[in-house]
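For 101, 102, 117, 118, 153, 154, 171, the entry in Swiss-Prot reads S-adenosyl-L-methionine binding site, with the evidence type sequence analysis.
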């Protein structure tokens with residue numbers, strides 16, 4: 001995959017070369033999308049829209065740390081959706097990991113979560129965030145035990161991953177109507193990078209074949225059910241819903 005690769009002052013240019021080789025990235029100085037290694041972290045930037053800022057994964061500080069400390073805990077919708085109960089912490093495969101937010105919330109609550117991400121740039125961002133998280137004194141020990149990344153297509157992972165999880169979680173990209181700054185920024189950058197999840201409908205059947213307990217599909221409230229298959233039950237929030245499917 002071609003993308004502009006930049007090592008900022010203070011960053012390790014050798015590390016950037018190793019990263020490119022690991023994820024199969026080819027540097028294109030003229031590319032609109034840039035993967036930038038700073039002294040602190042790996043960032044994704046849209047060079048023709050610098051006001052959008054940088055996208056990066058940070059499990060230690062910022063929004064994710066705040067959500068871990070002050071969020072709804074087991075009362076969070078995603079926790080309810082995967083079926084977390086007092087003595088039940090499901091093993092989860094998040095087959096459309098993105099920036100890993102929901103996966104991190106579940107891991108912070110005690111679930112083992114295997115994230116799957118097929119796009120090499122997004123996988124590189126996720127891995128960078130994970131490695132920094134693993135090194136953190138506070139969250140590192142449990143993060144290493146509970147949250148891992150597999151760089152593969154969702155279809156391949158759903159067919160081959162072992163052992164099978166209790167829950168398969170799907171959150172395929174869907175055009176957002178909301179105009180919040182965060183959604184706007186991330187969706188614009190992500191859709192420039194990866195496009196729409198045109199093959200998302202094909203994930204439902206293998207997900208149901210893999211999951212031991214349930215498949216959870218996160219959808220905007222206005223989106224049709226995945227693959228046109230009506231959910232067997234659902235959990236609705238203010239702007240989203242979680243569609244539930246039994247194994248098949």
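FYI, residue positions are counted from 1 along the chain as it appears here.
Using the three backbone atoms N, Cα and C, a Cβ is placed for every residue, glycine included.
Spread of the S-adenosyl-L-methionine binding residues is 19 Å (greatest Cα-Cα distance among 101, 102, 117, 118, 153, 154, 171). Taking each of the binding-site residues 153, 154 in turn and counting other Cβ atoms within 10 Å of its Cβ gives the largest count for 154.
Spatially close to residue 171 (S-adenosyl-L-methionine binding site) yet at least six residues away along the chain are 94, 96, 98, 102, 217, 218, judged by Cβ distances under 8 angstroms.
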